[in-house]
Every structure is written in structure tokens, then in C-alpha cells.
Amino acid sequence: MITLEVDLGTRSYPIHIGSGLLDRADLLAPHVRGQHAVIVTNETVGPLYAARVEAVLAGLGKTVRTVVLPDGERFKHWETLNLIFDALLQAGADRKTTLIALGGGVVGDMTGFAAACYMRGVPFVQMPTTLLAQVDSSVGGKTGINHPLGKNMIGAFHQPNAVIADIDTLRTLPPRELAAGMAEVIKHGAIADADYFAWIEDHIAGLNACDTGLMAEAVRRSCEIKASVVAQDEREGGLRAILNFGHTFGHAIEAGMGYGEWLHGEAVGCGMVMAADLSHRLGFIDVETRARIRTLTQAAMLPVVAPDLGIDRYIELMKVDKKAEAGSIKFILLRKLGSAFITTVPDADLRETLRHAILKPPTEAPVA
């Protein structure tokens, strides 16, 4: 097992990475101090892993309740969030009750938001079961739900008490979900560590095959990068925005297609290709770097050609973004591989990138 720390002073917390961690009572016990624990999971993950976590908590003498949510991004809204609140109130949960997010990014985001809101804040633990959640969304305290007009526009910063990432759970992921997680792995190399990006290029076949050793290293290095950024800028006042590389385009794809049509990681992967193209058009990266990002994204089984929402529709959607200021769209671009920054861009260059990225006719269908 590897243990990292997110250094936030009195709110610091561990990230445990390894095999068999779902059964480790010693990892959960320090963070479940009250009598009640509520596991939040979904219809897919619950049947696979909930009983194991319930057994650990029961062994600690805790009263356990499990809430099973519908599975998918399209359910990341108020009505589903209220299922968690209903369960907490029906169980008589108090301020010492610990919520446990057992699932992927949607479960983690919603559980964290519920924990932030219930009685104005209760503790929660992240137990991510998808690659995307293990390398990205479980770390950093961003929680929330979607709105029809924009992704993650309603939420709160609420740090978990711990992250327990059992890499054995990755073996049950469908290939599409595994690929979606690889988008965030690639992102971390692109924005912060060129050597890590090269390592991903060298090991992409093994990563696609979910090799245990390679996955453990990818989760470790990605969490190190994200933890370092979060420690320097918890509330996304500046540096932390670089973690949104590919997300401005990606969120527009998700909203424009309808939440759940594209997985978050698929949209981010395509968004990174678009952001790399925009970085090149503005003279920041060379054609080789742009090609490396596209090639690696495609090798990770992610889409590299965007759906045709219409250029004006893309721009409309991107204006509903947390980074936008006074109607100006902000993008995370690359100065070079391993170095990112936030900026506005000329409208003409943005439109040219969108024209270049949009899905071609069926005779020129993209490789996803």
C-alpha cells in the first residue's frame, strides 16, 4: 500500500492506494468516529462491493445504512441528491455520522455535496471504484451536481476525511469506463510532468489492459500531481484551474450531447485534443506536441473528433463555465508539454479550432 497526503493544514487527509483496501478496517476506523455510517453507492457498484464495506463497518460496531442511487451522469441532479438526504433524515443521522462514497465520480461528487450540506457539514470518506475517480475526482474536495445549463455549476468545496483507492476494483470496469479514466491520467502528464506523459506513452498498452502494477503507478503519480496542486490552491483561485485542461471543451460536449451520452472522460479526452490544437494555433506548442497528445488520446481508446453541435452552440455552452468571467471564456492551454496556464483566446482562433475538431461526414468517420 502507498499512502500520500493532501497537505491542507488541519484539514489534511491521507490517500491510500493499493490492493484489498476495501476490507481494511484500520483504514476506515479513524474516520468513522460516530455511531452511524451511511454508504452511498449505485446500482452497478453496490452489488459488487457494498457488502464488503458494510461488513467492515459492522465489525467496528457501527450502525450502517446503504443508499443505492441510479447509475449515470444523467442522474447527477437535485432529485437524486434528495435520495441521500431522505436516507440521512430517516436514519436519524447526526453531525458525527460519516458518509462513505463507494463508486465513481458521480457517486463521489454527490456524496460529498450531501456531506457538505447535511446539518451544514458532516464527514465523508471517498472509496473510489473507477479509474477516473481514483486519479482525479476523489481528491481535492470539489463536490456538486449538474444543472441543465451547465456541468457542476451547483456545488461546494468539502474535503474528504480520507481517500481509500482499492485498485482491485478497476478489474471490474467496462473498457469504456477504463478509457474514460485514462483521460485524466493523460491530463496530469500534459499539464504538469512531461516525463510522466512519456511514461504513459511507453506503457499505454499495459494500461489499456489494466495491468495492476502499471495502474498502481498511474494512480500514485496522478494523485501526487493533483494533491500538490490542491495544496497550493484549494479553492481554485489560480493554479488549480490548470486541472481543467480539456474541460472547457469537454463540458460543452457533455451538456450539448445530453449528460451521459459521452462519459466525462471521453469528453475531456476529446477536449484535450481541441485544447492542444488551440495551443498550437496560438503559437505555444509545436506541431509534434499537438500530435503526441492526439495520438496518445486515441491510443487510450478515447474519441479525438468532436460531435457537431455547431460552432455557435459550442461557444454558447462554453460561456456557462465556472472559469468564465464577464462573459469571456477562459481556456487551459499548454506552453509546452508539462506546463499549463489559463487565458482568454481570440474568437477567430477558437472558431478555427472548433471547425477543425468537429465530426466529419460518415465517409470520414472518426476513430473513437
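Each Cβ is built from the backbone N, Cα and C atoms, and glycine gets one as well.
Among the features that Swiss-Prot reports, NAD(+) binding site is placed at 71-76, 105-109, 129-130, K142, K151, 169-172, with the record citing sequence analysis. Proximity of R74 (NAD(+) binding site) to non-local residues of its own chain (separation of 6 or more, Cβ distance below 8 Å) is seen for G258, Y259, G260, given in sequence order.
What Swiss-Prot lists as Zn(2+) binding site is E184, H247, H264, and the listing cites sequence analysis. Over all protein chains present, the Cβ of H247 (Zn(2+) binding site) has 25 other Cβ atoms lying within 10 Å.
Taking the centre of the Cβ atoms of E184, H247, H264 as the Zn(2+) site, the nearby residues of that chain (Cβ within 8 Å, site residues left out) are L132, D136, S137, A183, K187, G246, G250, G265, A267, V268, G271. Checking the binding-site residues (G105, T130, T169, T172) against H264 (Zn(2+) binding site) with a 10 Å Cα-Cα cut-off leaves G105. Here the binding-site residues are G105, G108, and the one with the most other Cβ atoms within 10 Å of its Cβ is G108.
According to DSSP, H247 (Zn(2+) binding site) sits within a helical segment. Cα separation, T172 (NAD(+) binding site) to E184 (Zn(2+) binding site), rounded: 19 Å.
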